[in-house]
Amino acid sequence: MEIQVDEPMAFSPRRDRLQVDGSLKSYEQNFKLSGVKKDIEKLYEAVPQLRNVFRIKDKIGEGTFSSVYLATAQLQVGPEEKIALKHLIPTSHPIRIAAELQCLTVAGGQDNVMGVKYCFRKNDHVVIAMPYLEHESFLDILNSLSFQEVREYMFNLFKALKRIHQFGIVHRDVKPSNFLYNRRLKKYALVDFGLAQGTHDTKIELLRFVQSEAQQESRSENKVHVISGNKMSLSGSAVPRELEQQPTTKTSVKRPYTHAQIQIKQGKDGKDGSVGLSVQRSVFGERNFNIHSSISHESPTVKLMKQSKAVDVIYRKLATKKKAVSAKVMNSGVMKKTTSSCPVSLTCDCYATDKVCSICLSRRQQVAPRAGTPGFRAPEVLTKCPNQTTAIDMWSAGVIFISLLSGRYPFYKASDDLTALAQIMTIRGSRETIQAAKTFGKSILCSKEVPAQDLRKLCEKLRGIDANTPKLTSDIQGPASHDPTFSEKTDHKAARLLQTSHAQHSGHLYKGNRNGCWGLDAHTTNLEGWDMVPDEAYDLLDRLLDLNPASRITAEEALLHPFFKNMNL
């Protein structure tokens, strides 16, 4: 008698994993969908009049200060019209909301600047209704764009910037996601004026109020401080009588913290965190510039401040009354003599060195506008220059342009302003950055000299185009390559912030590396025109990424640049 036994079903971990992944993905989609439905219902409840006009279909964007929904409006005549509804968070300042609306109504509606159709308000909830422009994701199309499409993209971006700059509007947040692009219709729209500021002669009246409020806030936070360039000293403000009567010996002052422990609270725009005293900080060669050791390291050449020498702010104000010494400070790039607030024994000992002493750490940070998106901030924003102009928008446009030419996005990716400045130095050079900073009253110290890169060679290297043979290569390397066209003096650790990993042929359009930077795949990139990029393209890029805001090219000048020859305004 034969007994047949069915073979047990083979265990397939891959199939089981796919089933789990599929169900998890389905769950996430359903969860997200239910979340969107709840948000739409909450918006209807917050602003009931929306129900009478719009049918909200989806949530298409979410930021720090607002959420954007796609809706349709039934017009009296004609088909349904697609509308973008921007719901501003209730905590937004009324003047800020009104200023954004004024930017849209006065400057918007033409020259690739988004306009406004309606505005709804219920209590503290404000919804701005704008025309909806269907658009592509910048990342999705980055490496499928032909060179001619890149020319058109930049030309239309400069048209929009010229328009708003004519009204004295500084956008402050120029980036691909705020410049909508419909590739099929060749339509463009500059959006989101939530962070906009006005120039000194702005034609947008409400931006003057935004500016004056910011200045008032800055004055109130620094009313006992004098800011001169990058050196900050205490002013000779009046000291309470009871403090004047106290003896000036060091032993009479008790410190509220030990030498190894101090908490520094920066300005509104800073981060809280423990910072070590008198710690040497190398500009290059560190992964995160926000993290410092709490152990101080003494140098044989430079004596670091001891615990007995360190005094608090109150004592230093008192010491100012007793004795002052002459010290050099930088003010608007000009050296001049002034009086220091610290006695000889307490003079800051970290000036022109790559460390920060306890005296400097106990001072308040300089307050200056720094709103914007990391990676797109200009050098004058990163160094907290108080006088910022429309030139910061042109720098951001330059960062977009270098992403288009190199095929890398985001091009700069930094966790903090110092890292961002170090990354800029790896491209534009440390000496050039230091020299440019002097023109707007800032002194930068760099531990290593980093040469400026040739923009053409850099972009071609990152895009994977061989300089000798006009074709896309599969070996994509970064600027820290051993290629002789790149200087051996370039700091490799800093360069790795921009370098991407070796591209693998897996059939996908983009290749991400461990730093989150996305490059291109040789199989899917549009080569049209990229083998003959003219010198004018890199000349324009050079002028956009001019480290000196005073000489940086304007939007009006950019439109007349030879790069856009034969293109109609």
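Every residue, even glycine, has its Cβ placed from backbone N, Cα and C.
Please treat TrEMBL annotations as automatic predictions, because they have not gone through curation.
Since the structure is predicted, the reported quantities are computational estimates derived from the model, not experimental observations.
Given the ranges 237-256, 497-516, the record in TrEMBL names 237-256 as region 'Disordered'. Across the residues of the domain 'Protein kinase' (54-564), the predicted structure has a mean pLDDT of 73. Lys86 (ATP binding site) counts 24 other C-beta atoms within 10 Å of its own C-beta, drawing on all protein chains shown.
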